[in-house]
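Record features, source Swiss-Prot:
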- 51-74: compositional bias 'Low complexity' (COMPBIAS)
- 439-448: compositional bias 'Low complexity' (COMPBIAS)
- 449-460: compositional bias 'Basic residues' (COMPBIAS)
- Cys274-Cys285: disulfide bond (DISULFID)
- Cys322-Cys330: disulfide bond (DISULFID)
- Cys332-Cys349: disulfide bond (DISULFID)
- Cys397-Cys411: disulfide bond (DISULFID)
- Cys399-Cys406: disulfide bond (DISULFID)
- Cys478-Cys497: disulfide bond (DISULFID)
- Cys486-Cys492: disulfide bond (DISULFID)
- Cys496-Cys538: disulfide bond (DISULFID)
- Cys512-Cys529: disulfide bond (DISULFID)
- Cys514-Cys526: disulfide bond (DISULFID)
- Cys521-Cys522: disulfide bond (DISULFID)
- Asn74: N-linked glycosylation site (CARBOHYD)
- Asn284: N-linked glycosylation site (CARBOHYD)
- Asn419: N-linked glycosylation site (CARBOHYD)
- Ser403: O-palmitoleoyl serine (LIPID)
- 34-77: region 'Disordered' (REGION)
- 436-463: region 'Disordered' (REGION)
- 1-21: signal peptide (SIGNAL)
Amino acid sequence: MPSPTGVFVLMILTHLSFGLGQVRNEDQLLMVGQNGDLDSSNPAIHHQQHQQHQQHQQHQQHQSNHNLNNGNMNSTILNTLMGNNAGQVVNSSPGGGGSMINQLGSSTSSVPSVIGGGVGSVGNPWHSAVGLGVPGNGMGLPSSHGLGGNMGSHPHGHALAGLAKLGIIVPGGQGLPGNLGYGGTMLNGGGVGGAAGMGLGIGSNTNNMDMQQGLYNEHFISEHTVMAVFTSQGQVGGPCRYMPATRRQNHQCRKETGLPGTLSEARRLATTHCEEQFRYDRWNCSIETRGKRNIFKKLYKETAFVHALTAAAMTHSIARACAEGRMTKCSCGPKKHNREAQDFQWGGCNDNLKHGKRVTRSFLDLRGGDGDEVSEILRHDSEVGIEAVSSQMMDKCKCHGVSGSCSMKTCWKKMADFNATATLLRQKYNEAIRKAPNQRSMRQVSSSRMKKPKQRRKKPQQSQYTTLYYLETSPSYCAVTKDRQCLHPDNCGTLCCGRGYTTQVVKQVEKCRCRFNNGRCCQLICDYCQRLENKYFCK
């Protein structure tokens, strides 16, 4: 076993091969002095060695990017161990994650714990020369050519956005925000690989976000899907086509060929009705609050609303698609049976609300479980959206008889227009309740109700999913109201946050003085009139 003052050799994995996770190793030797320091006796030699390391690292970066762009690379974990295992390369199965990294640099001595990349140290003044160079103890130091501390602030540190293009994920509470990242949940932008613990994974899939399961907090699937609904535009790669999806969601889209188109319809319903409901409010369904912060950073009242609206739109679209024959694994809803007192016959094709609820809960992963407070509230708010669709079910009837009489009537169950559901959820948004952190979780409330002794039900039980909950007070959204149109001057006073507004006079041309031609039915003739209209815009 080498002593602390011995010679350290760092083996760097330089080439990730195609195929089934096979790796070709190309070793690089970094010369170290007897005391563990870089040999700096000859400055010219030291400078030449440093340039060689830089050129070699650039070659590695170019080769990795080339392989990742092909989209065929297996997810392989890059890893270097310390101590007795210094200089070794440890491989794991594709997507196996970074749990193989069993030590982080924590030395506080003047000697770097690892020289030439690998794991750095907070307490020492050295930068890692080559490699990822992840510092220990909370990202204390940057690295020279790799993932540096403080979001790569070192002049030679690669930007996080660049690493995102390599498909690197930092999961959960250990994560850092990236191009599409939020709340330290994920760092994404290119191919996606597996990750575990505090490790880094390099992925192979550059066409869609086919993510490893279990790498994020419980509420991530729902949060990711809702965010995709309000940010995705056009088609994306993957079986779900119209929105980035997890591996399990992509599997659902493969099994049900009608689901991708139905999800696209749900996205259209959610975004258009959200914008209509908040057209003249400071928040107009934009995910941004100010700068690059978005409403998914914390659980605001707006976050609760978009989760409820997305779940409602998915339930509505799937239930309607079943009844219209656009789904392969469902059809009309269950038939109703007539009672003696009814003066009509149940018939027609009911909207399949039951199937819509089931698929929505599965796609958003709303299954029960012991989750954290945010998970439980997001799950509850999504259920509020599903319940809103259920409450808008109505009877649709058609009369049959001679000469338009209604001697016989056939009825079926049909959902109301989605505008009614969106209006109901907007009302629930206005009445939403902020939940104090020390209150019981939603699951505890549900469990306490379930423990009550069973009683014979005399009337339909009232749903518990009637109120939206949130945790954080919403920001002002004043930073995103510039140039927004107001409804009237009084509305500008609120919408423009006191910055004032400008008035534009717009000429409108519209039909007027309409009449029947020569007094006969039914040819209508109209004149065209000009009308001046004031429009108001925030400064």
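Glycine is no exception: its Cβ is also placed from the backbone N, Cα and C atoms.
All features noted in Swiss-Prot, drawn onto the structure.
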residue: Cys274; record: disulfide bond; Cβ within 10 Å: 25
residue: Asn284; record: N-linked glycosylation site; Cβ within 10 Å: 17
residue: Cys285; record: disulfide bond; Cβ within 10 Å: 21
residue: Cys330; record: disulfide bond; Cβ within 10 Å: 21
residue: Cys349; record: disulfide bond; Cβ within 10 Å: 16
residue: Cys486; record: disulfide bond; Cβ within 10 Å: 20
residue: Cys496; record: disulfide bond; Cβ within 10 Å: 21
residue: Cys514; record: disulfide bond; Cβ within 10 Å: 9
residue: Cys521; record: disulfide bond; Cβ within 10 Å: 7
residue: Cys538; record: disulfide bond; Cβ within 10 Å: 19
Integer Cα-Cα distance in angstrom, Cys496 (disulfide bond) to Cys478 (disulfide bond): 7
Neighbour-count leader, CB within 10 A, disulfide-bonded residues: Cys322, Cys397, Cys399, Cys411: Cys322
Lowest local Cβ density among Cys497, Cys512, which the record lists as disulfide-bonded residues, within 10 Å: Cys512
Fewest other Cβ within 10 angstroms of its own Cβ, chosen from the disulfide-bonded residues Cys478, Cys529: Cys529
Integer Å distance between the CA atoms belonging to Cys512 (disulfide bond) and Cys526 (disulfide bond): 6
DSSP three-state assignment for Cys332 (disulfide bond): coil
Asn284 (N-linked glycosylation site): nearby disulfide-bonded residues from Cys322, Cys330, Cys397, Cys522, Cys529, Cα cut-off 10 Å: none
Cys411 (disulfide bond): nearby disulfide-bonded residues from Cys322, Cys332, Cys512, Cys529, Cys538, Cα cut-off 10 Å: none
Subset of recorded positions (Asn419, Cys486, Cys492, Cys497, Cys521, Cys522) lying within 10 A of Cys538 (disulfide bond), CA to CA, in sequence order: Cys486, Cys492, Cys497
Other CB atoms within 10 A, centred on Cys526 (disulfide bond): 11
Neighbouring disulfide-bonded residues, C-alpha within 10 angstroms of Cys322 (disulfide bond) - of Cys285, Cys332, Cys397, Cys399, Cys512, Cys514: Cys332
Disulfide-bonded residues near Cys492 (disulfide bond), in sequence order, restricted to Cys330, Cys512, Cys514, Cys529 and a 10 Å Cα cut-off: none
Neighbour tally for Cys332 (disulfide bond), based on other Cβ positions within 10 Å of its Cβ: 17
Three-class DSSP secondary structure - Cys274 (disulfide bond): helix
Nearest-integer angstrom distance between the alpha carbons (Cα) of Cys521 (disulfide bond) and Cys514 (disulfide bond): 13
